[in-house]
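Okay, so here's the structure we're looking at.
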Amino acid sequence: MSELLQELLRASEKAARIARACRQEEALFQLLIEEKKEDEKNKKFLTDFKTLADVLVQEVIKHDLGKKFPGLEKNVRGEESNEFTNELGEKIIVKVCSSEEETASLLQKVLDDNQLAAQTLARAVHQEVTLTDMALDAVKVTVPLDNIAVWVDPIDSTYQYIKGSGDIQPEAGIYPKGLQCVTVLIGVFLMDSGHPIMGVVNQPFAIKDPGTLQ
């Protein structure tokens, strides 16, 4: 079932692109940062946006795995609930819709009617990811799909994701802090025993582009 491993990689890379978009797109980054006045009326909303980044990554992984392997999405587990309550008291279930426009419309309800932020996120959600790796193509894995479940930690090291710098230098080859520490974690385990059998660790900020400095 090398197709499963390939799909996990694709899902992790799409998740990484969403994480990068939240940090690099100004409309999203202004919602993510914590430098806000104590009396600002949307303080709760700003906290919720950090959770939304996690939830959206989680739902994208669930959606994409289910699209490739129907039924598997029911066995994808994560840390966050996908239910939000907006400023009007409306309960909204965050999910990946059938089109970019529908997803943007849904996210706009969560994002306090911020259309630009919603469209930017929806674009990342629906972007196709193509990966080519001859070594990966050669991997042969036999996995019983009816006995597996997936655990997701959408954005691990949340504090570094929000506050971390991309200019930290490694110590003995290891980054003690900074954006390089942020990961998207996906693990597959057998439901009958709980034993882990495969996984993907994606570092969205592992490499800085020398041209764009992003």
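In case you wondered, yes, glycine gets a Cβ from its N, Cα and C as well.
The Mg(2+) binding site annotation in TrEMBL covers GLU79, ASP153, ILE155, ASP156.
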For the binding-site residues listed here (GLU79, ASP153, ASP156), tell me which residue's CB has the most neighbouring CB atoms inside 10 Å. ASP153
Those residues of the chain, 6+ apart, with a Cβ under 8 Å from that of ILE155 (Mg(2+) binding site): ALA19, ALA53, ASP54, VAL57, TYR161, VAL182, THR183, VAL184
